[in-house]
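Novice: My questions all concern the structure below.
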2 protein chains.
Amino acid sequence: MRTHEAGSLRAGHAGQTVTLSGWVARRRDHGGVIFIDLRDASGVAQVVFREGEMAERAHRLRAEFCIKVTGEVVARPEGNENPEIPTGSIEITVTDLEVLSESAPLPFPLDEHLEVGEEIRLKHRYLDLRRAEPARTMRLRSDINRVAREVLHGREFVEVETPTMTRSTPEGARDFLIPARLQPGNWYALPQSPQLFKQLLMIGGLERYFQIARCYRDEDFRADRQPEFTQLDIEMSFVDQDDVLELSEEILAGLWRLVGHEIPRPIPRMTYAEAMARYGTDKPDLRFGVELTEMTEYFKDTPFRVFQAPYVGAVVMPGGADQPRRQLDAWQEWAKQRGAKGLAYVLVGEDGTLSGPVAKNLSESEREGLAKAVGANPGDCVFFGAGQRSSARALLGAARLEIGQHCGLIDQDAWSFVWVVDAPMFEPVEDMESGDVAVGTGNWTAVHHPFTSPNADWIENFEQDPANALAWAYDIVCNGNEIGGGSIRIHRSDVQERVFRLLGITEEQAQDKFGFLLEAFKYGPPPHGGIAFGWDRICMLLAGADSLRDVIAFPKSGGGYDPLTSAPSAITAEQRKEAGIDAKPGAKKGESGEKADKQG
Amino acid sequence: MRTHEAGSLRAGHAGQTVTLSGWVARRRDHGGVIFIDLRDASGVAQVVFREGEMAERAHRLRAEFCIKVTGEVVARPEGNENPEIPTGSIEITVTDLEVLSESAPLPFPLDEHLEVGEEIRLKHRYLDLRRAEPARTMRLRSDINRVAREVLHGREFVEVETPTMTRSTPEGARDFLIPARLQPGNWYALPQSPQLFKQLLMIGGLERYFQIARCYRDEDFRADRQPEFTQLDIEMSFVDQDDVLELSEEILAGLWRLVGHEIPRPIPRMTYAEAMARYGTDKPDLRFGVELTEMTEYFKDTPFRVFQAPYVGAVVMPGGADQPRRQLDAWQEWAKQRGAKGLAYVLVGEDGTLSGPVAKNLSESEREGLAKAVGANPGDCVFFGAGQRSSARALLGAARLEIGQHCGLIDQDAWSFVWVVDAPMFEPVEDMESGDVAVGTGNWTAVHHPFTSPNADWIENFEQDPANALAWAYDIVCNGNEIGGGSIRIHRSDVQERVFRLLGITEEQAQDKFGFLLEAFKYGPPPHGGIAFGWDRICMLLAGADSLRDVIAFPKSGGGYDPLTSAPSAITAEQRKEAGIDAKPGAKKGESGEKADKQG
């Protein structure tokens, strides 16, 4: 149906007769001559309908008609070249035209800079994908997969497909469920990740596993979450943390080369504690400075009631002293929306004098040394967070990001990578993000997941100080985004049992939920660990996209709704009956297994 | 944790001190010296505990303990080499031992030739995978994926992940369903294939798509079916059948090179009609001859009532005339189990005389010319099928396979490939396999799926003779297994509507089930087509495995039951309530969509 791809034609093709197939991207009429930009997957070429009959037949062509043309490649007349497209030195004088299919008027124009709601774009995603940017993004994602797999195959990793109709994996979110028609009353769950299966593969002696795996979490979809998402999932045996990090860095280096960036290696590491202290977050954006300064000690005798707190910290906004009043008010509003009472601040005048409502509440000596203590210069604004350490730091960390954006401190072309290591094993249940589901019923929940190993310092005594126990767990952070995370796993069943106990998982619950994993751990499990990369987010960063939805071929919009297919949808009474949705769980598992066996 | 992989050690390493990690595969005690076969993913090496203390510490080692040893590589004493393993010329004299984890007594021995039920192996699949053959199969499957992707990336195919929580795709089986908690009363479906999405990607201008895709069918699991399975899914635009076949052959050639076989190309083609006539099946095993002979015309005036049928055919069993009576009876039993009344036969004596119960019912002239007409030699047995053409041919086709097996006519090392092309568009609903679900309510159902295009001869008039209308549809058959199939799709909405009408799909049903696809077809859809390969089956053939379960890391056994995790299982009342399983579908789709949009 074609001899050439439209985007491949160059001056050297002049004189050749070619056949192209593609879409009418743009049409211009010039005194009886019709110019059409013919687009296919490779690019665009200008085709010209000059002669009387051809021009007449071309008159019916409209945007996005699918056509096949034959004609001669000719050099464009001097002065008519278009240096902005690779085929800009030639055009095709059409001698034959076939309309392969027509197009109804488009619901939105397929321009590069599209000013149309996302819902309508997603409803007609197949039209959206004809635009250059989404098409480029799909191709980039494919290349991202290719490069990662090349690295992994090169190191003899084995790609294994793990089941997606399985038993619930306890990883902190709700499971999606599937009724089992042949075992009425029983349900499969879609996996939140291949975590348990990849550990079983390590017990199975596979040693090096990977999979670009579809994962499922039934969460209350916040802004940018999808019910199904993708991760590059990796697990290795007989390794320590350094091995996992080194491999990960080779993969990331390969990926970022796709966008022309060489990641300096090794990627720096920072402990979780340091990240929280200096940046107020476990995913610090290191493209700019502006660090938090702890001021608890400085204000230990302060007369200012607000600063008589377990933690006081500060962050400096360079040049922020001359913000107008309404902008300072807006900061208060911003802080309140984040659940804080407000955002205390002090303005440092050009002569060094402090102003703002907080200043007068401080003692004279506190005022005197303040600018120096927080590293503020004349003309800066100092924001304070005071209260519980974790919430005050989180507020200051968020303020830091606002400052970075607001003051243009972030080089948008820069890439900054950092490993955040030595993560805590546990967090108090009350600190969990809303919507997450604790695995056990204890006061502590696992920060990563309950199979994460305490590090060498804590493996024998984590119960004595759960708040400070550290894990062999690591996250990789890029420009303030967590793009991957993993851990060395527990491979000793005694340690696993102790962790379950601390999490408030009874032996019975443990047996019920992952008895099969505990059973597997009885048979010589190897030391192992791994990592999972948030594939959608990595694609988003590399594509320079604003939303995860941009890097997914057919994404869901909010609430898990698919504007294209209108899924989810109602089912018929017959489907419901047939699927056994309302059946009581009948036979016991063992029995149904035996029954199944006979069928098989 | 290791300096070398066990399987990599050779005589050249002698004198080096190495550290290995792996499993105790076998242990032998010889007068105080303990020999252990240490196994890791790379292979096996013999480690020796010679000295008093070492041998003593090694005494506690049992099968499948996970250990780390350090020692010196030494050449084995002359006469003690083991030429059967690559490391057979050396052994390691251990100077340090660390037990990484212990193993409980195994539920079954991990021997090569395992005489243990499949259920127990699948329950402990992680132990099963430590055996050489399953481990090799997992690695082969990973290579199969790699090779296919290399071919496709080399031709600029784009890998796209399509949704798995979606709307039902009408492809002849039941859907698995997922309740949507955030849209109570509504359900997602797991896709039976990415069919609709890959067609949408073609409308989206992607031109070359592939995916190793997980697919789901809620079927009554016959012997060797899995509720979730994998296909290599491919779609191309601006192509005809030859293009799809050529690409497919390059992929297959790459795959079979993994097992050292070069597939002669082009792979021969045979029409569906010819396959049915000559082999009684649309997936002929061409590793041996023994074709069907149609005898309808020959017996057109026969006095034998049984042969007064719309179709009579014959197949010859070489040397089958001397089968004992009980074996001839067994053939009758075999035919009855397949739903036939029996299997008529004639024995050709060494002197050319015919015997058997049928012979005397034939006319003399029929007897005289029979052996020649069916190509039988003295000493052969001729089996007959008479009745409706399709069922009689199916019986003879199955008999042909039995003959091939029974008479040792099949070269087990041979590979035979054939394309079966020119498949019929439609089949009568009453001929459908039980368990399949018709898409419409008409008398005809689609042989492939309802998006398959009639070929050029039939596209304008398939309604006039649905029984004989042919499609641009093709299956690739290897050694009698259908390992892939596809078609050129309909890209004209008028043709699609006519096909729906013939299938008895009303406009309303069509809109409800795939209105979004029909809408997409309004916007300049390109001519396109594709193929899907049955990946599990291809892996099975290449691995030389007997069952699809052997090539799946964690397969389900019969009835969709997973012996490892005991999935599916009961859910709690809380899960049920939370998932909205019993909610009435509330808001209309449009409304929920809008609502969803605001949330997003």
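The backbone N, Cα and C atoms fix where each Cβ goes, glycine too.
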Novice: If TrEMBL gives A:Arg217, A:Asp218, A:Glu219, A:Glu482, A:Gly534, A:Trp535, A:Asp536, A:Arg537 as binding ATP, which of A:Gln226, A:Gln496 does it give for that site as well?
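Specialist: For ATP, TrEMBL names A:Arg217, A:Asp218, A:Glu219, A:Glu482, A:Gly534, A:Trp535, A:Asp536, A:Arg537; of A:Gln226, A:Gln496, the listed one is A:Gln226.
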Novice: Any idea which of A:195-198, A:391-394, A:503-506 is down as region 'Aspartate' in TrEMBL?
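Specialist: In TrEMBL, the region 'Aspartate' feature sits at A:195-198.
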Novice: From the Cα of A:His30 (site 'Important for tRNA non-discrimination') across to the Cα of A:Gly79 (site 'Important for tRNA non-discrimination'), what is the distance in angstrom?
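Specialist: Taking the Cα atoms only, A:Gly79 (site 'Important for tRNA non-discrimination') lies 16 Å from A:His30 (site 'Important for tRNA non-discrimination').
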Novice: List nothing but the one residue from A:His30, A:Arg217 whose Cβ has the fewest other Cβ atoms within 10 Å; the candidates are the recorded positions.
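Specialist: Checked A:His30, A:Arg217; of these recorded positions, fewest Cβ neighbours within 10 Å: A:His30.
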Novice: Need the DSSP three-state call for A:His30 (site 'Important for tRNA non-discrimination') to compare against my parser.
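Specialist: SS state of A:His30 (site 'Important for tRNA non-discrimination') = strand.
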Novice: Taking the binding-site residues one at a time (A:Glu219, A:Glu482), which has its Cβ surrounded by the most other Cβ atoms within 10 Å?
Specialist: A:Glu219
Novice: Measuring Cα to Cα, how many Å separate A:Arg217 (ATP binding site) from A:His30 (site 'Important for tRNA non-discrimination')?
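Specialist: Approximately 56 Å lies between the Cα of A:Arg217 (ATP binding site) and that of A:His30 (site 'Important for tRNA non-discrimination').
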Novice: What count of other C-beta atoms do you get within 10 angstroms of the C-beta of A:Arg537 (ATP binding site), across all chains shown?
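Specialist: A:Arg537 (ATP binding site): 20 neighbouring Cβ atoms within 10 Å.
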Novice: Of the residues named as ATP binders, A:Arg217, A:Asp218, A:Glu219, A:Gln226, A:Glu482, A:Gly534, A:Trp535, A:Asp536, A:Arg537, how far apart in Å are the Cα atoms of the most distant pair?
Specialist: 20
Novice: Pull the DSSP breakdown for the region 'Aspartate' (A:195-198) and write it out as helix, strand, coil residue counts.
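Specialist: Counts, helix then strand then coil: 4 helix, 0 strand, 0 coil.
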Novice: With Cβ-Cβ distance below 8 Å and at least 6 positions apart along the chain, what are the contacts of A:Trp535 (ATP binding site)? List them in sequence order.
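Specialist: Looking at Cβ-Cβ distances below 8 Å from A:Trp535 (ATP binding site), excluding near sequence neighbours, one finds A:Ile144, A:Ile212, A:Phe229, A:Thr230, A:Gln231, A:Leu232.
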Novice: Sort A:Arg537 (ATP binding site) into helix, strand or coil using the DSSP assignment.
Specialist: helix
Novice: State the Cα to Cα distance, in Å, between A:Arg537 (ATP binding site) and A:His30 (site 'Important for tRNA non-discrimination'), rounded to an integer.
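Specialist: About 46 Å separate the Cα atoms of these two residues.
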Novice: Rounded to a whole number, how many Å is the Cα of A:Glu219 (ATP binding site) away from the Cα of A:His30 (site 'Important for tRNA non-discrimination')?
Specialist: 56
